[in-house]
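Worksheet: one structure, shown below.
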């Protein structure tokens, strides 16, 4: 029985036609001596009517069917009786008068109800992923993902980009997250790594003269997982030669503008807002601020610098700051102030100073230390109005802004502050090129070692590297970092200088990155690019709570696949072939003894 149509495609124009359909039994109803079957495939649902007067054999078969059985049918399209139409589905004006049914495959009783409105245990969903993927939401997510990636490809091809695949088996360069490593059978004792990104290859492609490259790249990182992380993930990887930062911004902004309009009929405004890393931290306490909330950080260091409080004096002596958040039209209760205070302490802060402006008077947890001049300055500078409140904390700059950045979102939840609807894109620029890692006690790259310093800061590489700003940028959407990019270093001497600051010896640099350094000696053009997380973008656009809801076959937070059982042990022969001997941790060894 050869299929002629998809279930969801049939409409009133097909009345009178004979059709052949295949799909899953979505629902069965017996009514008035007839059997009604909702038949489902990827395109939608159509109603079948099985009448014994037309085909007793088909009726007998239909009487044995169960939900999720796979069947094929032949029949005639007819208009539904008046008053029996279903406007909720595209096929609601018609039904199929069944003449023949063929059972392709029965189904066992389902381990969970695919169509329940109740939340389904994710462990069960992942174990029976082939069933979970039949659900409307999952089908919609995966199909939207396909359409989004197709739209990206079309847009970039029209703008002169060439899609080029880069290798999955590469040399290990353990900077940043851990690599997944793969033993070589042909080269005993040597290993490949799976790429954390195609970074080095896309730079090589610019040296090769391809000018504009892109790839829907699979990337791999062996790191501890969270709700927004997967060990294998997909990114839109791009690189362009002879560009400035604004050229890259322009391409990405128009990519989103075109794609969102075509796929979702959403209009977005370009160019996206731009703020520096320092502005983002000072205003929002985060380098990926959620602009849907208006809560901003205010600096009151200057106002409070003469307060006779020991902790303020000692904070300012150490070049600390005093910053806080205004709560417009909110006067917290004692309990609510206590919740905020406890959260600050939980985040390793030293407590809060709070202020409320009610009945024309500024009340505060430190009222006895405030003179009228200080109160008036606070009211005027913060533009406090009747019914407003303010709280602040003192400490080292980075500590204070990070605490307030976390509190900003928790306060929005505590006081039910509504977030604005829509997509709020933002470029964050001018990150530091380096940061000091307290645990490792060394300077590390803020993004990666191939990011170019700003031209005016190049002299600081020799004198004060922690003050060097980078030609890099992050794209943020609704508080989620979609990806990072930068103008790259394309001169060997600057790249070597950066490696030296990062304590990568010339020997290590040659071993790990020698091919790139050598390529720079053969006419490397200025170039830059970006990588955007496809999984994260799709999760936001489909309003999904987890990346696992937009990936067909995701891993759990422990990095396992509940469907296939990966990772698994392998037999000893396979290990011998790649010259590997497994040394178990002590606990595992004891279990096996």
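Just so it is clear, glycine is given a Cβ too, placed from its N, Cα and C backbone atoms.
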From 199-202, 203-206, 207-210, 211-214, the residue range that Swiss-Prot assigns the feature region 'Aspartate': 199-202
Given Swiss-Prot lists 221, 222, 223, 481, 533, 534, 535, 536 for ATP, the same-site residue among 230, 495: 230
Greatest C-beta neighbour count within 10 angstroms, which of the binding-site residues 223, 481: 481
Spatial neighbour of residue 31 (site 'Important for tRNA non-discrimination') that is closest, considering only the binding-site residues 221, 488, 536 and their CA atoms: 536
Nearest recorded site to residue 536 (ATP binding site) by CA-CA distance, among recorded positions 83, 221, 488: 221
Nonlocal neighbours by CB distance (under 8 Å) for residue 488 (L-aspartate binding site), same chain, sequence gap 6 or more: 203, 206, 450, 451, 452, 527, 528, 529
The one of 31, 221, 447, 536 whose CB sees the fewest other CB atoms within 10 Å, among these recorded positions: 31
Residue among the recorded positions 83, 534 whose Cβ has the most other Cβ atoms within 10 Å: 534
When distances run from the Cα of residue 83 (site 'Important for tRNA non-discrimination') to each of the binding-site residues 221, 447, 481, 534, the nearest one: 534
